[in-house]
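Feature annotations, courtesy of TrEMBL:
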- LYS76: active site, proton donor/acceptor (ACT_SITE)
- GLY176, LEU177, GLY178, LYS179, VAL180, GLY181: NAD(+) binding site (BINDING)
Amino acid sequence: MFEKISQHEQVVFCNDPSTGLNAIIAIHNTTLGPALGGCRMRPYSSVDEALEDVLRLSKGMTYKCAGADVDFGGGKSVIIGDPTSERTPELFRAFGQFVDSLNGRFYTGTDMGTTPDDFVHALKETNCIVGVPEEYGGSGDSSVPTAQGVIYGLQATIQTLEGTDELAGKSYSIQGLGKVGFKVAEQLLAAGAQIYVTDINEKALKQIQERAELLPGNAEVVDGSDIYGVDADIFIPCALGGIIHDETIEQLKVKAIVGSANNQLLEDKHGLYLQQKGILYGPDYIVNAGGLIQVADELYGPNKARVLTKTRAIYDSLIQIYSESTKNSISTMEAANRFCEEKLAARSKRNSFFAHNRRPKWQVRN
Ligand SMILES: NC(=O)C1=CN([C@@H]2O[C@H](COP(=O)(O)OP(=O)(O)OC[C@H]3O[C@@H](n4cnc5c(N)ncnc54)[C@H](O)[C@@H]3O)[C@@H](O)[C@H]2O)C=CC1
Ligand SMILES: O=C(O)CCC(=O)C(=O)O
């Protein structure tokens, strides 16, 4: 077990027989501040599968936090259970107690399978919750800044490819029209772009076609995996992870990939394959940091304008990462990893003798 968790600071197994809660909290690295990461609920087929997921996701959060310059470290949690039938208020209260037992080392909120309302129950047991609804003092729907971050990512990519930030006059293929993908699609239509869209949800497809009728752009529906072969300028993955692999790279005709889906590359080597094929890849955890920026910013009290200003930094980070990738002949993913690792190394060298206890900022909510 210690070998498996050797890169992590702490892993907590949470068991509450009265509510049936089986959860794992993983704290990867708190160099930059307390760990932060959402809570995913899934009917994992084994504890090993859940552990593997939470270890991978929490490490990803360390990089996402460093890349976005937020004062948090990497963590994540998973609840083993079916969100469609096992999501109860009691379960989330029990989970909140476990989060509270970490005494400010871990902050959490929604992820796949959980909703902001679930965390209103957890909030009764701990203050270490982010992303609750606005009426409970939270900052509201985090997919808004995530979608805006994708737009900034697209502009930085077009700037790198063509020397302009102009979204119009281009074509985009979008996989997934959920909370993030739909908002990105709407903005592209508003800019007058041609979009190709796919989703397993027919309703979302119908809704975007209705929106397209009212906006200058044009939307065309594509069947399932045909999306990979669309002859568009940029592919925007906003659904599943692990979709960039040998087979899909073979089909891709786009010049770039920039989307919100977490862990888009099936393996690190696929970042290199994209580079070899001349496809510019916007590293996912840099592009999709808008939601994280919003929930991390809640420490200062909700403020949408401030969040959007901070989200704009995604543009500058990507420009820098693309340029480092070219300069050092490395993949953009490798350049992003180095960008974040340098920030972590610089911080870990900083003398923090004055910070004997937790910093005052985090005591605001404790
Ligand atoms: N919501 C947020 O603020 C953030 C989201 N992300 C990531 O972005 C992605 C999208 O997130 P959300 O929009 O919030 O999720 P969502 O659950 O609202 O939307 C996902 C959409 O993808 C569709 N979909 C599922 N399987 C599909 C398939 N095989 N082909 C085509 N469409 C499919 C679903 O029907 C749904 O419309 C996820 O990977 C998520 O982890 C990352 C950071 C923040
Ligand atoms: O939504 C949160 O609570 C933190 C952000 C997060 O988990 C993510 O960006 O994947």
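Glycine is treated like the rest: Cβ placed from N, Cα and C.
All features noted in TrEMBL, drawn onto the structure.
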| residue | record | Cβ within 10 Å |
| --- | --- | --- |
| LYS76 | active site, proton donor/acceptor | 28 |
| GLY176 | NAD(+) binding site | 26 |
| LEU177 | NAD(+) binding site | 26 |
| GLY178 | NAD(+) binding site | 14 |
| LYS179 | NAD(+) binding site | 16 |
| VAL180 | NAD(+) binding site | 28 |
| GLY181 | NAD(+) binding site | 27 |
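Taking only the Cα positions, the spacing between LYS179 (NAD(+) binding site) and the residue listed as 'active site, proton donor/acceptor' is 21 angstrom. In three-state terms derived from DSSP, the residue listed as 'active site, proton donor/acceptor' belongs to an extended strand segment. The distance from the Cα of GLY176 (NAD(+) binding site) to the Cα of the residue listed as 'active site, proton donor/acceptor' comes to 24 Å.
A distance of 25 Å separates the Cα atom of LEU177 (NAD(+) binding site) from that of LYS76 (active site, proton donor/acceptor). A Cβ within 8 Å of the Cβ centre of GLY176, LEU177, GLY178, LYS179, VAL180, GLY181, the residues given for NAD(+), is found for these other residues of the same chain: SER143, PHE182, LYS183, VAL184, ASP199, ALA204, CYS238, ALA239, SER260.
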